[in-house]
Amino acid sequence: MPASGDQSLLGTGTRSSVAPANILLGRYELGRLLGCGASAKVYLARNLRSGQSVAIKCFRKVSIANGGLANHIKREICILRRLRHPRIVRLHEVLASRSKIYFVLELVKGGELFACVASRGRLPENLCRRYFHQLIAAVGYCHSRGIFHRDLKLENLLLDENGEIKVSDFGLSAVPEQIRGDGLFHTLCGTPAYVAPEILAKKGYRAAAVDLWSCGVILFVLVAGYLPFNDPNLMAMYRKIYRGEYRCPKWVSPELKFLISRLLDTNPESRITVDEILLDPWFRKGLDEEKCASLARFCEEPMAVEENKTSMAEAINAEDRPLNAFDIIGFSSGVDLSGLFGAPAERERFISDVSPEGIFRRVEESGRNDGFVVRRKGEKGCAGVTVHGQNGNLVVAVEVYRLAGGLNVVEVQRGRAAVGGGRWAGEFWNLEGEGSP
Ligand code: ADP
Ligand code: MG
């Protein structure tokens, strides 16, 4: 008998009746709700093996089934996996159950910078400068890789336990492939008060300049304690943005006023760039050459994972390593993730924490008990067992793909001999207590 929690071939958390409701896929203990975003809920969680605390962002199936959001999630995964920077929230892994998809994220413990400013009011210029350094380090890193956030705002800047910024929520980011032939982005995005004037003009825009406009709004809010462009009437607010009508409060230093004016320049062509910000006198105050160079070191880390695993076969043949959830999402066809979350009756896929050997033995035992012929097959990174009737017709084929961290994806394909009825047509593998490995 395997260790406790392994009794169900389905793995804890997916369909086992014994699994506690707050244990996710046998791996994470879910805790309190940390925050609610537009697209997902974020929970505190603990890795049961390592004890590490993490944040788990949970997307529901109904949202995933929606074509637009499937796109949105795929994009977020694709972008987050390419980012490794101390000022950007790390994505540890992606897990999926039948009904939900979970992003396991680095836990950022200090809350939103927004809440900090909302409770304390405006911040001293030196503190604004420190946050701005960190923001520009993260933004410069992203831009140097052709990745743009496009929804930079205080709510998406979290604070860690050292009071340093971590940029989160890349849900609206765009990858370079989204750029049309004219080199400009066309998606209307962002949060009204942070949106750049060229987006309102709907002529297409350069995403780097749009991010820097939002950085200007953020910097203004930090030092002023309120938004530069605000009006209860949305159209009136957009008019102010479009015309660049804002007033810096009198306590802002002339150097900072100048930098804000360069960031909130309504002309994206003349708006300040990251490289120019690094030379700005207010930005550089108190920074020696070495510190400035370390902020500007945007490209030091190599890509962690290579891209474009489009099929399961490719993923397996590329290297002999366990698949991870990126691969699973990758081999769900196109942008439609429904293959992963709601397989047709003849084919099912689920996640289990039982070893491949345990799964195969159980299938073999059941097959032999019913008088069927059982065959094993093995490939790199994947192994399987097939069950046939005496006439050779396929009853069921079970393949197991190793995931990272002791989890496996079990793919069950039923042949015509099984679809007719009997336990092979149903959940034959859910045999708790019967012939357990
Ligand atoms: P959405 O994309 O739906 O807007 P977010 O990623 O912004 O969702 O998350 C919603 C909220 O959850 C955040 O504003 C924050 O309060 C909290 N949150 C998100 N990620 C983390 C994290 N890694 N650590 C701690 N809290 C987080
Ligand atoms: Mg958000």
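Backbone N, Cα and C define each Cβ position, glycine as well.
Worth saying up front: this structure is predicted, and the values here are computed from it rather than measured.
Long-range Cβ neighbours of Lys57 (ATP binding site) (same chain, at least 6 residues apart, Cβ-Cβ under 8 Å): Gly37, Ala40, Lys41, Val42, Tyr102, Phe103, Leu105. In the three-state DSSP scheme, Lys57 (ATP binding site) falls into the strand class. Per TrEMBL, the feature ATP binding site maps to Lys57.
Taken together, the residues in the domain 'Protein kinase' (28-283) have a mean pLDDT of 84 on the 0 to 100 scale. Among the features that TrEMBL reports, domain 'Protein kinase' is placed at 28-283.
Look at TrEMBL and you will find 318-342 tagged as domain 'NAF'.
As annotated by TrEMBL, transmembrane segment applies to 210-229.
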